[in-house]
Amino acid sequence: MQRIALYPGSFDPVTNGHLDVVRQAVHLCDRLIVAVGVHHGKKPLFSTEERLAMVHEVLEPVAAAAGCGFEASTYDDLTVTAAQKAGAIMMIRGLRDGTDFDYEMQLAGMNQTMVPGIQTVFVPASVAVRPIAATLVRQIAAMGGDVSHFVPAAVAASLKAKFN
(Lines of atoms letter the chains of each structure in order from A and count residues from 1; the text may use other names and numbers.)
(Lines give C-alpha, C1' and ligand atoms only; values in the text may rest on other atoms or scores of the structure.)
Protein backbone atom coordinates (compact mmCIF):
# COMPACT_ATOMS: atom_id res chain seq x y z
CA MET A 1 0.00 0.00 0.00
CA GLN A 2 1.32 3.40 -0.98
CA ARG A 3 1.64 5.90 1.88
CA ILE A 4 -0.01 9.07 0.61
CA ALA A 5 0.24 12.30 2.59
CA LEU A 6 -1.66 15.53 2.02
CA TYR A 7 0.04 18.81 2.94
CA PRO A 8 -2.66 21.49 2.85
CA GLY A 9 -2.26 25.24 2.99
CA SER A 10 -2.94 28.52 1.26
CA PHE A 11 0.68 28.88 0.07
CA ASP A 12 0.14 32.61 -0.48
CA PRO A 13 3.09 32.69 -1.04
CA VAL A 14 5.23 29.58 -0.62
CA THR A 15 7.78 30.33 2.11
CA ASN A 16 10.98 28.76 3.37
CA GLY A 17 8.82 27.40 6.19
CA HIS A 18 6.75 25.43 3.67
CA LEU A 19 9.96 24.25 2.05
CA ASP A 20 11.23 23.06 5.45
CA VAL A 21 8.04 21.07 6.08
CA VAL A 22 8.23 19.42 2.66
CA ARG A 23 11.91 18.52 3.18
CA GLN A 24 10.83 16.58 6.27
CA ALA A 25 7.52 15.22 4.96
CA VAL A 26 8.97 13.52 1.87
CA HIS A 27 10.66 11.00 4.17
CA LEU A 28 7.34 10.05 5.78
CA CYS A 29 5.39 9.07 2.68
CA ASP A 30 5.65 7.56 -0.78
CA ARG A 31 3.61 10.33 -2.41
CA LEU A 32 3.09 13.87 -1.19
CA ILE A 33 0.10 15.88 -2.36
CA VAL A 34 0.48 19.59 -1.74
CA ALA A 35 -3.08 20.89 -1.67
CA VAL A 36 -3.68 24.59 -2.25
CA GLY A 37 -6.81 25.73 -0.45
CA VAL A 38 -9.31 27.81 -2.41
CA HIS A 39 -11.41 29.75 0.07
CA HIS A 40 -14.03 31.77 -1.77
CA GLY A 41 -14.40 34.30 1.06
CA LYS A 42 -10.69 35.22 1.02
CA LYS A 43 -8.80 37.44 -1.40
CA PRO A 44 -5.33 35.92 -1.79
CA LEU A 45 -2.46 37.98 -3.17
CA PHE A 46 -1.65 35.30 -5.74
CA SER A 47 -4.25 33.54 -7.88
CA THR A 48 -4.83 29.83 -7.48
CA GLU A 49 -2.91 29.22 -10.71
CA GLU A 50 0.04 31.33 -9.51
CA ARG A 51 0.15 29.49 -6.19
CA LEU A 52 0.05 26.11 -7.93
CA ALA A 53 2.90 27.22 -10.21
CA MET A 54 4.97 28.28 -7.17
CA VAL A 55 4.27 24.95 -5.46
CA HIS A 56 5.43 23.04 -8.55
CA GLU A 57 8.52 25.19 -9.10
CA VAL A 58 9.73 25.28 -5.51
CA LEU A 59 8.43 22.16 -3.76
CA GLU A 60 8.29 19.47 -6.45
CA PRO A 61 12.11 19.31 -6.88
CA VAL A 62 12.48 18.56 -3.15
CA ALA A 63 10.17 15.56 -3.46
CA ALA A 64 11.90 14.38 -6.64
CA ALA A 65 15.34 14.56 -5.00
CA ALA A 66 14.05 12.37 -2.15
CA GLY A 67 12.45 9.85 -4.51
CA CYS A 68 8.98 10.77 -3.29
CA GLY A 69 6.05 11.05 -5.67
CA PHE A 70 4.56 14.52 -5.89
CA GLU A 71 1.29 16.10 -6.89
CA ALA A 72 -0.08 19.60 -6.52
CA SER A 73 -3.81 20.12 -6.44
CA THR A 74 -6.50 22.48 -5.19
CA TYR A 75 -9.39 21.94 -2.85
CA ASP A 76 -12.36 24.00 -1.69
CA ASP A 77 -13.97 21.71 0.86
CA LEU A 78 -12.95 20.53 4.31
CA THR A 79 -9.27 19.64 4.41
CA VAL A 80 -9.95 16.21 5.87
CA THR A 81 -12.47 15.58 3.08
CA ALA A 82 -9.85 16.56 0.49
CA ALA A 83 -7.41 14.15 2.15
CA GLN A 84 -9.99 11.37 2.08
CA LYS A 85 -10.79 11.99 -1.61
CA ALA A 86 -7.06 11.89 -2.41
CA GLY A 87 -6.63 8.53 -0.68
CA ALA A 88 -4.29 10.03 1.91
CA ILE A 89 -3.58 8.19 5.15
CA MET A 90 -2.05 11.27 6.77
CA MET A 91 -2.18 15.03 6.73
CA ILE A 92 1.06 16.93 7.26
CA ARG A 93 0.96 20.04 9.42
CA GLY A 94 3.91 22.27 10.23
CA LEU A 95 4.27 23.61 13.76
CA ARG A 96 6.16 26.82 14.52
CA ASP A 97 5.22 27.41 18.13
CA GLY A 98 2.81 26.66 20.95
CA THR A 99 0.05 28.71 19.37
CA ASP A 100 0.21 26.54 16.25
CA PHE A 101 0.27 23.42 18.43
CA ASP A 102 -2.86 24.34 20.40
CA TYR A 103 -4.83 25.16 17.25
CA GLU A 104 -3.59 22.15 15.30
CA MET A 105 -4.30 19.71 18.15
CA GLN A 106 -7.90 20.90 18.30
CA LEU A 107 -8.23 20.61 14.54
CA ALA A 108 -6.60 17.16 14.50
CA GLY A 109 -9.07 15.91 17.09
CA MET A 110 -12.05 17.12 15.10
CA ASN A 111 -10.65 15.73 11.85
CA GLN A 112 -10.04 12.34 13.45
CA THR A 113 -13.64 12.29 14.66
CA MET A 114 -14.91 13.04 11.15
CA VAL A 115 -12.53 10.67 9.31
CA PRO A 116 -10.89 8.24 11.77
CA GLY A 117 -8.58 6.64 9.20
CA ILE A 118 -6.55 9.78 8.51
CA GLN A 119 -3.82 10.74 10.97
CA THR A 120 -2.45 14.24 11.42
CA VAL A 121 1.35 14.24 11.48
CA PHE A 122 3.00 17.27 13.04
CA VAL A 123 6.32 18.40 11.61
CA PRO A 124 8.20 20.84 13.84
CA ALA A 125 9.69 23.79 12.01
CA SER A 126 13.45 24.07 11.99
CA VAL A 127 14.75 26.89 14.19
CA ALA A 128 15.76 29.06 11.23
CA VAL A 129 12.23 29.16 9.77
CA ARG A 130 10.09 29.32 12.91
CA PRO A 131 9.38 33.06 12.72
CA ILE A 132 8.31 32.94 9.06
CA ALA A 133 4.63 33.47 8.29
CA ALA A 134 3.20 34.10 4.82
CA THR A 135 1.13 37.00 6.17
CA LEU A 136 4.26 38.76 7.42
CA VAL A 137 6.09 38.02 4.18
CA ARG A 138 3.27 39.66 2.20
CA GLN A 139 3.31 42.71 4.48
CA ILE A 140 7.09 43.13 4.21
CA ALA A 141 7.01 42.72 0.42
CA ALA A 142 4.11 45.19 0.09
CA MET A 143 6.20 47.81 1.87
CA GLY A 144 9.21 47.20 -0.37
CA GLY A 145 11.17 45.16 2.17
CA ASP A 146 13.64 42.41 1.39
CA VAL A 147 11.99 39.00 1.78
CA SER A 148 14.88 36.97 0.35
CA HIS A 149 15.63 35.42 3.76
CA PHE A 150 12.06 34.15 4.08
CA VAL A 151 11.12 32.78 0.66
CA PRO A 152 12.83 30.93 -2.20
CA ALA A 153 14.36 33.17 -4.90
CA ALA A 154 11.60 32.44 -7.44
CA VAL A 155 8.94 33.48 -4.92
CA ALA A 156 10.86 36.65 -4.00
CA ALA A 157 10.87 37.56 -7.70
CA SER A 158 7.12 36.90 -7.95
CA LEU A 159 6.46 39.09 -4.91
CA LYS A 160 8.61 41.87 -6.32
CA ALA A 161 6.74 41.71 -9.63
CA LYS A 162 3.39 41.71 -7.84
CA PHE A 163 4.16 44.89 -5.91
CA ASN A 164 5.99 46.86 -8.64
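Just so you know, glycine gets a Cβ as well, placed from its N, Cα and C.
The substrate binding site annotation in Swiss-Prot covers Ser10, Lys42, Thr79, Arg93. The feature ATP binding site is assigned by Swiss-Prot to Ser10, Phe11, His18, Gly94, Leu95, Arg96, Glu104, Val129, Arg130, Pro131, Ile132, Ala133, Ala134, Thr135. As annotated by Swiss-Prot, site 'Transition state stabilizer' applies to His18.
Figure note: comparing Cβ neighbours within 10 Å for the binding-site residues His18, Lys42, Arg93, Arg130, the maximum is reached by His18. The C-beta environment of Thr79 (substrate binding site), restricted to residues of the same chain at least 6 apart in sequence and closer than 8 Å, consists of Leu6, Pro8, Ala35, Gly37, Met91, Asn111. Counting other Cβ atoms within 10 Å of each Cβ, the lowest count among the binding-site residues Leu95, Ile132, Ala134 belongs to Leu95. Cα separation, Glu104 (ATP binding site) to Ser10 (substrate binding site), rounded: 15 Å.
The CA atom of Lys42 (substrate binding site) is located 14 Å away from the CA atom of Ala134 (ATP binding site). For Ser10 (substrate binding site), the same-chain residues lying six or more positions away in sequence with a CB closer than 8 A to its CB are Val36, Gly37, His39, Lys42, Pro44, Arg51, Ala134. Largest Cα-Cα distance over the residues recorded as binding ATP, namely Ser10, Phe11, His18, Gly94, Leu95, Arg96, Glu104, Val129, Arg130, Pro131, Ile132, Ala133, Ala134, Thr135, equals 18 Å. If you draw a 10 Å sphere around the CB of Glu104 (ATP binding site), it holds 17 other CB atoms from the protein chains shown.
The CA atom of Arg130 (ATP binding site) is located 13 Å away from the CA atom of Arg93 (substrate binding site). Across the fold, the C-alpha of Ile132 (ATP binding site) and the C-alpha of Arg93 (substrate binding site) stand 15 Å from each other.
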